[in-house]
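Trainee: Take a look at this one; I'll ask things after.
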Amino acid sequence: MSTELVEDEAQFYCKAQKYWKNVPATVDGMLGGYGHISNIDLNGSKKFLQRFLRQEGSNKTGNMYALDCGAGIGRITKRLLLPLFKKVDMVDVTDEFLSKAKSYLGEEGSRVGNYFCCGLQEFSPEPNRYDVIWIQWVIGHLTDEHLVDFLKRCSLGLRPNGIIVIKDNVTQDVSIMDDVDSSICRDIDLVRKLIKQAGLSLLAVERQENFPDEIYHVFSFAMR
């Protein structure tokens, strides 16, 4: 379990919060200096998501409302979710990022319903509200127990045929703690195990292509 890497839970969360307080409210800041990969990332995400939005028949995922978790300034909200959904809610632990989002999103930001300033370990989506809950590059800031609990709460937040998507760095063997931003990069088998513990079933798993060789492999997991 990766939580064994967390010696002091309160410190784990506090250190991460302090780290993000000092990160510039820019796309490059959101991506740790890798702003140049944003388009590749968003194109891969759109392709992954549209397989569910374009499904034929009764299993098709709706396009009414999405939730962006760990939303930052709204990079994903602006370029992925607002073009595909009628409304979007954003949740992030850093108030300065959400404040910046209101100008960064421009006119389309009028379709953002709520800006929730909250850590995901304390956040509960409104039941039966969202067609898609998008969780990208943020699960490393949750302990295993809090991640499982959060996914359970997300499951309750889904509308019929809704899906949860996790997109994040994974390792192939052991989980690794990053002491700089106080986050855990989990091994892919552990991510699958925690999803199962939350009572969710995987619908699709896909590796993001065309990312720089020096960064961790990034996988998308769709579930409900």
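Glycine is treated like the rest: Cβ placed from N, Cα and C.
As listed in Swiss-Prot for this protein:
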{"type": "BINDING", "residues": "GLY70, ARG75, ASP92, VAL93, THR94, LEU120, GLN121, GLN136", "note": "S-adenosyl-L-methionine binding site"}
Trainee: Looking at Cβ-Cβ distances, which residues of the chain lie under 8 angstroms from ARG75 (S-adenosyl-L-methionine binding site) while being 6 or more apart from it?
Mentor: VAL27, MET30, LEU31, SER38
Trainee: Compute all pairwise C-alpha distances among GLY70, ARG75, ASP92, VAL93, THR94, LEU120, GLN121, GLN136, the residues listed as binding S-adenosyl-L-methionine, and give the largest one in whole angstrom.
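Mentor: Across GLY70, ARG75, ASP92, VAL93, THR94, LEU120, GLN121, GLN136, the two farthest Cα atoms sit 22 Å apart.
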Trainee: Measuring CB to CB from GLN136 (S-adenosyl-L-methionine binding site), give everything in the same chain under 8 Å that is also at least six residues away in sequence.
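Mentor: When sequence neighbours closer than 6 are ignored, GLN136 (S-adenosyl-L-methionine binding site) has SER45, CYS69, GLY70, ILE76, VAL165, ILE166, LYS167, ASP168 within Cβ distance under 8 Å.
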Trainee: Return the count of C-beta atoms lying within 10 angstroms of the C-beta of THR94 (S-adenosyl-L-methionine binding site), excluding that atom itself.
Mentor: 22
